[in-house]
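Taken from TrEMBL as is:
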type     : residues : note
DOMAIN   : 24-381   : domain 'Citrate transporter-like'
TRANSMEM : 6-28     : transmembrane segment
TRANSMEM : 65-81    : transmembrane segment
TRANSMEM : 180-204  : transmembrane segment
TRANSMEM : 264-280  : transmembrane segment
TRANSMEM : 292-313  : transmembrane segment
TRANSMEM : 333-358  : transmembrane segment
TRANSMEM : 370-395  : transmembrane segment
TRANSMEM : 415-433  : transmembrane segment
Amino acid sequence: MALASSVKVVLGSIAFAVFWVLAVFPAVPFLPVGRTAGSLLGGMLMVVFQVITADQAYAAIDLQILGLLFGTMVVSIYLERADMFKYLGKLLSWKSRGPKDLICRVCLISAISSAFFTNDTSCVVLTEFVLKIARRHNLPPHPFLLALASSANIGSAATPIGNPQNLFIAVQSKISFGNFLIGILPAMIMGVIVNALLLLCMYWKLLSIEKDEKDVAVELIAEEEVNSEGKDDLTTRWKKILWKSCVYFVTIGMLIAWLVGLNMSWTAITAALALVVLDFRDARPSFEKVSYSLLVFFCGMFITVEGFNKTGIPSTLWDFMEPYSKIDRVSGIAILAAVILVMSNLASNVPTVILLGARMAASADDEKKAWLILAWVSTVAGNLSLLGSAANIIVCEQARRAPQLGYTLSFWSHLKFGVPSTLIVTTIGLTLIR
């Protein structure tokens with residue numbers, strides 16, 4: 001695709017720049033409106049500047065991705081109500097053998113839960129458990145917070161539902177859930193192991209300090225029992241067990257449906273509505289927990305990226321890079337990975353995937369491998385810096401706001417670990433993607 005007229009190129013670039021600045025720095029002093037409003041503003045400017053028409057803007061919104069995202073968020077909300085994440089939190093402290101064992105458990109549980117319940121959800125619900133573990137051992141929380149955030153990003157790369165960019169890749173590439181999982185699982189497993197080893201090496205002395213411990217596992221159970229006493233008065237124990245079993249059964253059924261190749265978007269929505277019906281109560285409180293701002297953000301981003309594509313800039317840049325980015329040779333994969341890594345941290349991973357995905361696949365001899373490389377690198381790239389992924393920011397904010405446990409994870413403490421981890425894990429993973 002050739003470059004559009006100079007007017008469209010300039011105006012489209014301005015609109016995309018507005019979107020990019022507000023997406024990466026949502027609280028800029030001159031316009032602190034946030035990411036969601038920033039994406040809508042970028043999309044609106046594309047139409048106002050006549051880079052794209054209103055009809056093209058509406059057509060750019062991918063309803064399959066929005067439906068899949070909405071469905072998985074609703075299912076995650078019901079899983080949280082069914083105490084799935086409480087049980088995961090208890091596993092972190094069950095028969096613990098010390099800080100090193102705990103940090104490995106954080107890596108493992110964070111990665112697995114993120115693969116099937118999205119990295120953002122896992123980080124929201126597990127951060128406070130991780131802070132309590134750090135308090136139990138009287139240790140600084142930052143190694144455990146780094147383990148949670150970095151492993152969540154790595155684990156989420158393994159499935160189409162692990163993060164938003166993978167949702168887009170799965171829908172656009174038409175790679176089945178099972179093939180996606182098989183293609184990236186070896187890289188994910190090795191990535192989690194290497195990431196845990198890097199954490200142990202970097203913080204070995206800190207994690208070797210033996211101090212008095214509190215039995216936080218008992219403390220967590222006691223808290224949950226106190227919180228659930230009122231509910232036990234209203235609902236018999238067998239009804240609660242039956243309802244929880246139904247939630248887990250529906251979730252497992254959803255995963256099986258994906259594995260056999262059913263439409264991912266409709267399967268997720270069907271599972272969500274099945275849980276609503278089984279709950280047999282007003283669904284409004286559960287629906288209110290859905291991150292509608294994220295769905296709106298995606299709508300604006302789809303329009304903005306479509307407008308930027310119409311300028312011809314991405315195609316021109318890719319035409320320049322394509323001869324050097326062939327995935328049939330090691331040097332090509334290295335250059336392609338470097339481009340994805342840089343763009344994911346400058347323009348965020350979801351816009352990067354939308355901009356590069358179709359072009360990468362069209363120019364590759366093995367389309368499936370190109371899509372999987374894009375999924376792996378764009379996701380692990382989120383570990384590079386604190387601003388690299390939403391999961392990092394969620395962990396940072398949840399930790400800062402946690403009552404009586406507040407801790408601020410600084411940009412530089414994250415970067416010190418994030419840079420070597422991202423480079424090493426990305427490289428090892430690329431050799432294992434099939």
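Yeah, the Cβs are placed from backbone N, Cα and C, and that goes for glycine too.
The largest share of C-beta pairs under 8 angstroms with the transmembrane segment (370-395) comes from 333-358, of the ranges 292-313, 333-358, 415-433. The average pLDDT computed for the domain 'Citrate transporter-like' (24-381) is 85. Listed stretches 6-28, 264-280, 292-313, 333-358, 415-433 were compared with the transmembrane segment (180-204); the greatest number of C-beta pairs under 8 angstroms is found for 415-433. Spatially, the transmembrane segment (65-81) is adjacent to the transmembrane segment (264-280); three or more Cβ-Cβ distances between them are under 8 Å for residues at least 6 apart in sequence. Taking residue pairs at least 6 apart in sequence, the transmembrane segment (264-280) and the transmembrane segment (333-358) share fewer than three C-beta contacts under 8 angstroms. Within the chain, the transmembrane segment (6-28) has long-range Cβ neighbours (under 8 A, six or more residues past its boundaries) at 34-35, 37-39, 41-43, 45-46, 49-51, 300-301, 304-305, 307-308, 310-313, 346-348, 351, 387. Within its own chain, the transmembrane segment (292-313) is flanked in space by residues 1-4, 8-9, 12-13, 15-16, 19, 23, 35-36, 38-44, 46-47, 51-52, 56-57, 60-62, 65-66, 69-70, 73, 164, 350-351, 354-355, which lie at least six positions past its ends and keep a Cβ under 8 Å from the stretch.
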